[in-house]
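Inspection log for the structure reproduced underneath, given as structure tokens.
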């Protein structure tokens, strides 16, 4: 067999000649070290390859071998609680093989090939099965049951399927298809750049609850929806993403650290195993897959990392789970595209990004959704995608932000000026939006409280009004305002400080159940209504704003879930008494 | 492999040489170029194809020609020899002795680009470094293994501050060996002399390694200087188990050198003419800070950059901020108000602060106190802007309290002497004194029990 050879090398881009049957997106191995790369352009006998590892030392004449396979990930038990690089090499094994620094040219099986899994067959010999059908289960972690499905494209009679202990390399049985017998394994492969097929998409109708008040109450994302978090550096993108990864009520979380900081990934690695799932009290790591391609790791692997992540997410979706994928940050991914495009000497579009940036982003977000998966029992699963965007200089008019906003339905606008006054999460309540609010209001009315959508609207109106009043205050000063409007400003301040602000690093405040959110919001707004009423009856806003009950209201967020209802009762009682007291005094004067 | 020499230079363009007839130059290979006068400079292969290699010259292209100059391909990538004898020495931007001393005899040579640290091998930085500077220790705490840049502007005292940090930085209760690696890219000889004098006077020089590329030195060397410095730092951190503080100044000059090469290669420019891969390139420098599980040493980085026209959204500070774990922001406004160090805490940030503070590390009230100071200062500054329009008389009593708190914050907390080394307790106490202006009900970010315990009732409130 004829190997190809290198004719040109420039950074991560290598041009090879003489490859056997090069096809687009075939994986090739470059040089003596066998650096992994992917064919991204073919011109006559020359193939251009983007290499996923550092190419220092590669020279013209080095051999290039075509594996004739597209870039794929291996899907099977053992994915959960793993941490991979952008091309699905497990970093823990990589450490054992090459030490603390990542060496080049190492290929490692993504899944543990020696570990034995307890497989329970759920189908019998001779049964007819079709693609996507569950034939058995493996308890992958105490949190997640891994459903073993008939690979896409196969149908036929089962043969020799037995429960028992298997590694991912042992055949668990076989299937007699019209084309012949095919062995079945616990693990399968899938090409990362091809979305896994589905039967149809469903409209997303339940929220992805995150325990973050500003998100759940004001700007919810639906399960199967898409959200973008753009924000300048230091505005809290990563903390928000990590809070989502910790507390979102999906079954499986895929966290893609794409071109981000090494120490941040370490933080995730250090904290996730210690954190407990609020419901099951199991370590969160048992439902999490991490893909870490830090900024100093090869740029082409960064390009691949989000596809690696979403393919794994789709696989768990196909089992019927709700999966959430966090990509931090898609801007780094876009920059990888730009870098490679530049090396290919392609005609640049806006700001040097390739002309296909928008299409690629749209294709990626389109892989999200609540879907009926390919299966005879019409299982439903979902993939929610939350992408962080890092606009240069915090300017949202740049191409990555703009192309992302075109395809995502929730926009969480991070605001540097909020962050600099330590208002966290620094999500701007005036510019953010969620297009799911209307479709989800039925869910909120049914599952939280009838009045919840109305409360949400009321609170947003107060904040909106506050923004208008602030402009006036800038001109005439606070003291010149009428009493009613002073009262409204006080209420808005309470909503901002006692409700919207949430401390990710406080044991209690880091997560707020939707019930507690409702109770808190109801209490604050009730206080607002009562003080407004009191002002109409002659009370002064300044007197009302220094009532002792206010400090109890602000303590709500630090109060554990179990004690909230009791404290609220107390507040409601005192609120009435204290406000009445102020009114009596005012009337007496 | 025998190094081959070529006399087939076709073109010299800016810092680039195009060499014909070369068939197998390795990407990243180091070359030695001899010009018509017999002088030698080094270069590195940027692109290699059949029959053509593009070489970037480190150093001056003066005297290079297409007829008699020759290029020798050395068959190895950029490596540097390091040893413990480097402590106390001064080198140029390429690692040659600059202090008149003997060249370094190294047992081992290391690749200067270095491989990426496996994220799985990293240890979470969590040891508090006390710099003795309140605005940093109290509000934007530095921890071991962090990369925290100084965002400065022309004429601001970033050098004095960097020297003060290098002088005062210590980990409480620890007496481990530490070293300072200092890399200067394109700074003036005056600035270089300032640092050398500082290091000598305080006796820090014997624990330091200095790499100096001055403004008058070839700009292309600047691309190598930080990498040499970091390779040296890695040697001391991971082989010699020392805690190394790396100061890189000025990263703006480094980025300009990158842009120069990119322009010479006719690359598609990104923002403001800087290459599209600048983020990745900077990351390969900054990400070399950190700690590794099971190894004793650590690398803490403090890059300094001057923001062109004090513009934080300029690509250099912008991309840096996206990679580093926060920034310390120097403000011209505070400098004009006569406050040293002119650190604007609202624009500053330390992302790893939470790991380094709290009970057992600094003090349990640290987080809440810092958040409250932030919020109070931010509000106080808003009020200050408002009072400029409506006058102090029109402010409410509450607003006036915030105004006073902001004043005190700047004058008592941020401002301190160049040789004043405050302990963390002193810093926190001053913080509470600033908050004495505000009533308890305004302190919403501090847990009530800490207010009870630490608040100075005597001084007001």
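Placement of Cβ uses the backbone N, Cα and C atoms for every residue, glycine included.
No curator has checked TrEMBL annotations; they are predicted automatically.
Remember, predicted model here, so these are calculated numbers, not experimental data.
The Cβ neighbour count for residue A:234 (ATP binding site), using a 10 Å radius and every protein chain shown, is 23. According to its DSSP assignment, residue A:234 (ATP binding site) is coil. According to TrEMBL, the ATP binding site annotation covers A:231, A:232, A:233, A:234, A:235, A:236, A:237, A:238.
For A:223-411, the entry in TrEMBL reads domain 'AAA+ ATPase'. Here the domain 'AAA+ ATPase' (A:223-411) returns a mean pLDDT of 90 for the predicted model.
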Which chain-mates of residue A:232 (ATP binding site) that are at least 6 residues away have a CB under 8 A from its CB, listed by sequence? A:390, A:391, A:393, A:394, A:414, A:416
Going through the binding-site residues A:231, A:234, A:235, A:236, A:237 in order, which have a C-beta under 8 angstroms from some C-beta of chain B? A:234
Looking at the binding-site residues A:231, A:236, which one has the fewest other Cβ atoms within 10 Å of its own Cβ? A:236
Sort out the sequence-distant neighbours of residue A:233 (ATP binding site) for me: same chain, 6+ apart, CB within less than 8 Å of its CB, listed by position. A:390
Within 8 Å of the Cβ centre of A:231, A:232, A:233, A:234, A:235, A:236, A:237, A:238, which other residues of the chain have their Cβ, at the recorded ATP site? A:390, A:414, A:416, A:419, A:426
Near residue A:235 (ATP binding site), which residues of its own chain have a C-beta under 8 A away, given they sit six or more steps off in sequence? A:394, A:414, A:415, A:416, A:418, A:419, A:426
Long-range Cβ environment of residue A:238 (ATP binding site), under 8 Å and at least 6 residues apart: A:260, A:264, A:328, A:388
Listed in sequence order, residues with CB under 8 A of residue A:237 (ATP binding site) and six or more positions away: A:229, A:231, A:328, A:329, A:388, A:390, A:414
